[in-house]
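Asks: Sending over a structure as structure tokens; questions will come in a sec.
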């Protein structure tokens with residue numbers, strides 16, 4: 001009753017073994033609260049999906065608020081409640097729940113809140129326990145055949161907009177005024193642009209970089225002195241290059257060895273093998289291989305050297 005105000009349109013849903021006198025008393029109390037400008041409609045919860053109520057008709061929808069509540073609201077019923085509510089309308093749902101999920105027909109209060117959110121409702125309140133008389137509690141236990149039942153009340157609101165509604169966006173394509181940058185102080189800029197010319201006064205002594213070099217530093221070194229000292233052991237010892245020689249001694253010693261001639265590049269008998277299969281002989285061992293550069297060494301496997309027959 002706290003969510004009902006004068007002038008509201010209220011839908012009261014009932015279900016289970018509720019007496020007609022109790023329904024009439026509840027409707028009378030609601031009608032008194034909404035006043036002459038408001039109205040109250042009554043519908044059985046099982047026939048809600050078959051009713052012909054228009055969308056966004058009611059300010060408040062109350063379901064299961066008549067004790068003892070035995071209705072377990074399905075997802076379709078909650079979605080229909082959300083459809084019937086006006087934007088920012090309120091739904092009040094009372095339902096029997098259990099403390100732990102046992103896989104039966106009753107669910108926990110947390111799952112009831114989740115179902116309201118899945119139906120499209122927002123601002124779901126915390127579950128509040130509804131006090132029942134001993135007689136109402138016995139009737140509820142007899143109807144559901146479940147122990148440890150706890151009736152809770154949860155309220156939720158419909159968003160302040162309709163599903164599929166649109167709103168015009170105010171976009172401005174006018175050019176924005178350029179903000180003038182503050183002018184820099186000339187004295188501040190000079191501080192960060194000091195040079196040697198600015199400091200050329202009597203208080204500062206500047207050194208000439210050429211005066212830091214001696215005559216020995218300016219002499220051109222002898223190329224012989226630049227060679228590495230590796231392999232120098234006098235006339236009695238044989239010169240030997242290092243393992244990873246980088247000074248050129250290894251190449252020099254290799255060229256000084258007598259009887260060693262430079263390896264000649266490999267050549268073919270006909271001189272056309274490197275051009276490709278179109279220029280090769282019928283018995284050329286390079287058949288089937290791609291063209292290669294003249295003089296390039298090509299290694300053939302044992303299978304290629306043997307004939308097919």
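Each Cβ is built from the backbone N, Cα and C atoms, and glycine gets one as well.
Since we're looking at a predicted model, the values are computed, not measured.
Copied straight from Swiss-Prot:
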- 4-169: region 'N-terminal SAM-like domain' (REGION)
- 230-247: region 'Fe-S binding site A' (REGION)
- 270-273: motif 'Cx2C motif 1' (MOTIF)
- 270-284: region 'Fe-S binding site B' (REGION)
- 270, 273, 281, 284: [4Fe-4S] cluster binding site (BINDING)
- 281-284: motif 'Cx2C motif 2' (MOTIF)
Asks: Look at each of the binding-site residues, 273, 281, 284, and point out the one with the fewest other Cβ atoms around it within 10 Å.
Replies: 281
Asks: Who are the chain neighbours of the motif 'Cx2C motif 1' (270-273) in space, where the CB to CB distance is under 8 Å and they lie at least 6 residues beyond its ends?
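Replies: Result: 279-281, 284, 286.
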Asks: Sort out the sequence-distant neighbours of residue 270 ([4Fe-4S] cluster binding site) for me: same chain, 6+ apart, CB within less than 8 Å of its CB, listed by position.
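Replies: Expected: 280, 281, 284.
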Asks: By DSSP, what is the split of the region 'Fe-S binding site B' (270-284) into helix, strand and coil residues?
Replies: 6 helix, 0 strand, 9 coil
